[in-house]
Amino acid sequence: MNTAMNALEPSKTALSRRPLRRLAASCFAVFAIVATAAVPLPVLARSAPESFADLAAEVTPAVVNISASTTVEARNRTLPQLPPGTPFEDLFEEFFNRRGQGGGGGDSAPSRPRSSNSLGSGFVIDPSGIVVTNNHVIGDANDISVIFPDGTRLKAEIVGKDSKVDLAVLKVKSDKPLKAVKFGDSESLRPGDWVMAIGNPFGLGGSVTAGIVSARGRNIESGPYDNYIQTDAAINKGNSGGPLFNMNGEVIGINTAILSPTGGSVGIGFAVPASTAVPVIDQLRQFGETRRGWLGVRIQNVDDATAEALSLGAARGALIAGIDDKGPAKPAGLEVGDVIVRFDGKEVKDSRDLPRIVASTPVGKAVDVAIVRKGQEMTKQVTLGRLEDTEKQASLQQPSTEPPTATRQALGLNMSGMTDELRRRFSLKDDLKGVVITRVDPNSNASDKRIQAGEVIVEVNQEPVTSPADVTKKIDDLKAQGRKSALLLVANAQGEVRFVALSIE
């Protein structure tokens, strides 16, 4: 019996181990799958084209050279007053006459007008003869020629130009349809995408260079609508106004500027993105001028401290620091201290976004503007005006309160109520009301934020203040609420206001 049992044991043992082996194999397989899933898959880079030749051959016929000539009236020059008969009299007269700079004997004589020439690039966007280039390429030229790759030279007329985005639209007359290129989607570009530039660097027309998108949304402080594409494709003097292509042969940028200590390419070039250029070009073609939307507000950026003071949660949007009395924003109910976070359905990430979005919105359009006011989001509807009609108007509203004349210290500031003596000392406007800053502690956060003696505190956390006691009380209230900063609305002597967030910890 025992023998039988023993004889059965090996068979039983073998049978019992089979499920264990299967289980182990299954566990191993599952582990292998999990382990494999935990390993990041390599990101496959799209390889560089073997050649850009086919693409260049396709679009180059639409890329042109621009020659702009401006007649400059030279100023009259006067020869040095020389004693009659001096041996140098003839020498000076010959020298100045040869340069066209005056007559002899010390008399003033009219100089001959001279011609100033500039070279740049451009591209055809319509077979009928519409050409786009940079505004700075043509400037105030009175004679513009467009030279095509086959050597054809045509006179051009200015359809319209815009200095703010540095664009110009020209028109040439041709006896045959011209090769044209189309704009592409610059918003879909990503750093690392391949691009190709064609232009007229140093007068060498039809030059092709290639590179990648280095960055997007660059602000080089050249104007209010800076939003440049940065590329390492070689761009030099003369490339201005030329196209930057994607790999589909679409224009996604207009080459405009370079950053260079030498005057030549060092791999940092900037192009106006198509998304910025196209609305301007359309307006220039339709009206011969720009017609930008206008909101009538003065804005500033929102930093982390300001966001905390305004209960925004995070730094975002454009903070309204001033409102034009005659602008569309005021009757719509927008107020100083509001933070615009969306405009016409478009997110406003920071203060640089808003001018571009507003400018590209049609004049007269009623748009929804989402704002955050005292921590609460709400929507106002605004009917836009036209920027060009109102650029010279800058009358900003000012809060009006009657202040007493006590003196206190807080946040590194010595403060006093408004007096006639302080108005005279700091040359403050008669209608400027608030709490006067008489001294700033150089070691304070206020000094770091560049608050100066002679400025006036108009509001603390969007509530008017009429005395130093008002300021200190509101700061104490904020501390009791556990807040880390106080938002001050500060005005300078001219009445221009800005928001400053100061630490109260």
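Glycine is no exception: its Cβ is also placed from the backbone N, Cα and C atoms.
As annotated by TrEMBL, region 'Disordered' applies to 99-118 (among others).
All chains included, 18 other C-beta atoms sit within 10 angstroms of the C-beta of HIS136 (active site, charge relay system). Sequence annotations record features per position, and here TrEMBL assigns active site, charge relay system to HIS136 (among others).
Within 10 Å of the Cβ of GLY238 (substrate binding site) there are 23 other Cβ atoms, across all protein chains. Among the features that TrEMBL reports, substrate binding site is placed at HIS136, ASP166, GLY238, ASN239, SER240.
A coil conformation is recorded for ASP166 (substrate binding site) in the three-state DSSP classification, outside any helix or strand. As annotated by TrEMBL, active site, charge relay system applies to ASP166 (among others).
As annotated by TrEMBL, active site, charge relay system applies to SER240 (among others). Close to SER240 (substrate binding site) in the fold, though at least 6 residues off in sequence, lie GLY120, SER121, THR133, ASN134, HIS136, VAL137, GLY199, ASN255, THR256, ALA257, each with a CB less than 8 Å from its CB.
TrEMBL lists 284-375 (among others) with the feature domain 'PDZ'.
The region 'Disordered' annotation in TrEMBL covers 386-406 (among others).
According to TrEMBL, the feature compositional bias 'Polar residues' maps to 393-406.
The domain 'PDZ' annotation in TrEMBL covers 393-493 (among others). Confidence in the domain 'PDZ' (393-493), given as mean pLDDT, stands at 80.
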Where SER240 (substrate binding site) sits in the secondary structure, as DSSP reduces it to three classes: coil
Cβ neighbours of ASP166 (substrate binding site) where a neighbour is any other Cβ within 10 Å: 23
Long-range Cβ environment of ASN239 (substrate binding site), under 8 Å and at least 6 residues apart: GLY120, SER121, ALA197, GLY199, ASN200, PRO201, SER207, ASN255, ILE258, GLY269
Binding residues HIS136, ASP166, GLY238, ASN239, SER240 (substrate) - maximum C-alpha distance in whole Å: 15
